[in-house]
């Protein structure tokens, strides 16, 4: 007989969501976490990075206050105080993820490490106690992975996990990786005063997005003093901080610290997953289907350990889906198309669903792309922040299948568009919904409006409407 209905391995976002749902439903559930609950999001990811970005944004605006008629100010940056601001934000949020909240929901919390010793059976490392569950959820997250560059490990590089221990601002910072983390942290440290070099081995930044997105972010970073080098690789790190670069922009540079902002690897080593019959991908991620089932009956996985979209909200959705599938019989599925995400650069980059290039590849000229630049959005003009646009993508029938918003507060706009993508709403539904003026959200609405005008207000339309209007005028005169 199983000891539990559900055993959750990992106390990050996915694990917490699962334990709280299962406990709230009255299931016998235990959560095993070797360290602090809260996971990467609270301690080394979303929360600290956004608190850092807030401080960096304020410093940047102080320097450029003359753009709105104010005297510019050069801020005195004390990184130790900035880090204190970050820790204060973490302390304020920590109770939401604390063990007490999980216990209050009816789940047990075990501070330990668990290793599979058989199907749905684990052993605790501290005391050897064995626990059997009807179902197990693997939600152990991921860890930064250092690229195999000679001399890098000896240089004690920072990662997105360890950078939060800095107390002194590096005068020169080399950022490896031009994805979301590299762009966010690179811009933030440059705004705080570091001389930042950002190296990306691919041809452009933010390679997941349409090329014009990466081009805009590259231009913005360079305007702010970041030395962006694409199609470039670090091939050697020498003692003293001398770094050799090859590729598109070769040479040697000196740096005080290196920040590795590249890939992360699922924490699947040492879990005994083969003993449980759980298959892994080539990248070491747990292989799952859209019901979050692994290859082992009764074993599920959620969060970064699956190698799917590495975002907190995705992990939470995966965990809720996995938990309900584990406890009950009615199947539930994860759909990734309507999953939105945000890159918190300035401007922010928010996307859901298909990119314009993907839609054109699928439907050719029949794909619908409605786009409006922020230069035509009154709120952006008033704020003097016109770098960006809204782009909406629809299938040939006019149903929304994707959207990209590049704008200040783009993350606050994308949620509405994600809801429309999720139910394949028509573009006209967005346009008919009255939005407050002036807002950045109107970029998406007016993009659709301009598309509809081009499509509907044609010479043919005017030719058909004019006789009707003439008849109505005649009727009015004779009435």
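Glycine too: its Cβ is placed from the backbone N, Cα and C atoms.
Going by what TrEMBL states, the NAD(+) site holds 177, 178, 179, 180, 181, 182, 183, 184, 263, and the candidate of 200, 252, 275 recorded there is 200.
Cα to Cα, residue 304 (FAD binding site) and residue 179 (NAD(+) binding site) are separated by 16 Å. Using Cα positions, the member of the binding-site residues 177, 179, 181, 183, 200 nearest to residue 46 (disulfide bond) is identified as 181. Using a 10 Å Cβ-Cβ cutoff, residue 179 (NAD(+) binding site) registers 17 neighbours. Between the CA atoms of residue 183 (NAD(+) binding site) and residue 41 (disulfide bond) there is a gap of 18 Å. Here the domain 'Pyridine nucleotide-disulphide oxidoreductase dimerisation' (339-444) has, by DSSP, the following mix of helix, strand and coil residues: 42 helix, 31 strand, 33 coil.
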